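A.B. asks: Pasting the feature list from TrEMBL:
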DOMAIN    19-215  domain 'ABC transmembrane type-1'
TRANSMEM  23-46  transmembrane segment
TRANSMEM  58-77  transmembrane segment
TRANSMEM  97-118  transmembrane segment
TRANSMEM  197-216  transmembrane segment
Amino acid sequence: MEAAVSSLFAQKMEILEIVKMSLQVSGSATIISALIGIPLGAWIGLSEFKGKRLLLRLVYTLMALPPVLAGLLVYLLLSRSGPLGFMELLFTPTAMIIAQCLLVTPIITGLVSAGIAAKEGLIFEHAISLGASKAQATWTIIKEARTGIIAGIMTGFGRAFAEVGAVMLVGGNIRHMTRVLTTSIVMETRQGNFEMGIALGIILLLLSFMVSSIVLSNAEEFSLK
């Protein structure tokens, strides 16, 4: 392990670059997915419409979408022979973000929908009976379901941050370009550098803990306002 720590310090600039790329890709994918998944999940949770059960089944199925399959779909979409090949996005951080969005959006959508649906039956009628408008009642439900919404966002970020199959496929693990912590761990393990792989894994866990702590602290402050 001492050799791994020494190696980390010797390559600290490259490690920082990898950490930055990991946070940039996963953070961007989570934000984009949240912007799509929260409104969509809220709409599904609050609405009654024909085909809702089918839509929910589709969302729950996509929540378990295999990362390699997501990566393959994005690869085929962005490859030279694909419909978006002219954009030359394959093996770029943008391709990695797209692949992660494909994995994260259903997770946020499904968890937000479930969280809001659980609160809707208890709160909506009560709020209306107290004189609130439908818009006010809806906003009250969303505020009360914020724990589920935050859980959805953090679960999505965790999925993105720990993902390796899709980003390896569409990013290529190119040094100084698309290398992230998870693909670095795979590379070091394949080369037999197990101690280095463990050290990078510890960094991955620490970063996940830090991000979760920051988000939850801000969420607690928001809930007290």
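Here the Cβ of each residue, glycine as well, is placed from N, Cα and C on the backbone.
Model, not experiment: these values are computed from the prediction.
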A.B. asks: At a C-beta cut-off of under 8 Å, are there same-chain residues at least 6 beyond the transmembrane segment (23-46) that contact it? List them, or none.
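C.D. replies: Cβ under 8 Å, 6 or more out: 52, 55-56, 59, 93, 96-97, 100-101, 104-117, 120, 138, 141-142, 145, 149, 152-153, 156-157, 160-161, 163, 167, 180, 207, 211.
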A.B. asks: Using Cβ atoms and a strict cutoff of less than 8 Å, what residues sit near the transmembrane segment (58-77) while being 6 or more residues removed from its termini?
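C.D. replies: 44, 83-84, 90, 95, 98-99, 102-103, 106-107, 109-110, 113, 163-170.
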A.B. asks: I need to check the long-range neighbours of the transmembrane segment (97-118): which residues 6 or more away from its ends have a CB within less than 8 Å of a CB in the stretch?
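C.D. replies: 25-26, 28-30, 32-34, 36-38, 40-42, 44-46, 56, 59-60, 62-63, 65, 67, 70-71, 73-74, 78, 89, 141-142, 145, 147-149, 151-153, 155-157, 159-160, 163, 166-167, 169-170.
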